[in-house]
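J.: Relevant sequence annotations retrieved from TrEMBL are reproduced here:
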REPEAT    70-112  repeat 'LDL-receptor class B'
REPEAT    113-156  repeat 'LDL-receptor class B'
REPEAT    158-199  repeat 'LDL-receptor class B'
């Protein structure tokens, strides 16, 4: 359902990808990790898959790796919580567990000490807090449908991008919530997105497609 990665943490040409699996019926979900060969490797498939053994996870819709503090953050739309643990699953802790309806995407900015997340429940919103869960605040709560995707442009003053799969838009704002801008509209149910260098990448989940466009909406 969600994934994030830790780029070659051991300096051996292998990155680690973290991914979540949604619960099905009476079965709980899970968060796992696996080694992912780098682009200059002849190997293509993830290897050495490991379950982090995080119990009672239901619908982990969002994941974010804190590559500085060495923590893993995730949202759970089944329990309506945001949680954190060490990258190996130890020292698990609830961070946000009230006033959440359908928490989805999550992103962290270790440089600023902040985490951001979307909630596409009955009162959709985009919020942020310190990475320890303190100083929570709402950045966007108007003119939102289903904000399901979120990403940070670390190369452009940490600008926040999000996708709205109901309004069919991709928007952006400054880290403090100001300068809200529609980047793209009419893009067809963008579910999740990421920004890398000069481009946006997003998934049209209903059609099973991956799209790419200039991050400023041109081209």
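Cβ atoms are placed via backbone N, Cα and C, with glycine included.
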J.: Who are the chain neighbours of the repeat 'LDL-receptor class B' (158-199) in space, where the CB to CB distance is under 8 Å and they lie at least 6 residues beyond its ends?
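T.: Counting only partners 6 or more residues beyond its ends, the repeat 'LDL-receptor class B' (158-199) has Cβ contacts under 8 Å with 2, 105, 107, 109, 111-112, 114, 116, 118, 120, 126, 128, 139-140, 143-152, 205-207, 211-217.
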J.: Where DSSP helix means H, G or I and strand means E or B, what are the helix, strand and coil counts for the repeat 'LDL-receptor class B' (70-112)?
T.: 0 helix, 23 strand, 20 coil
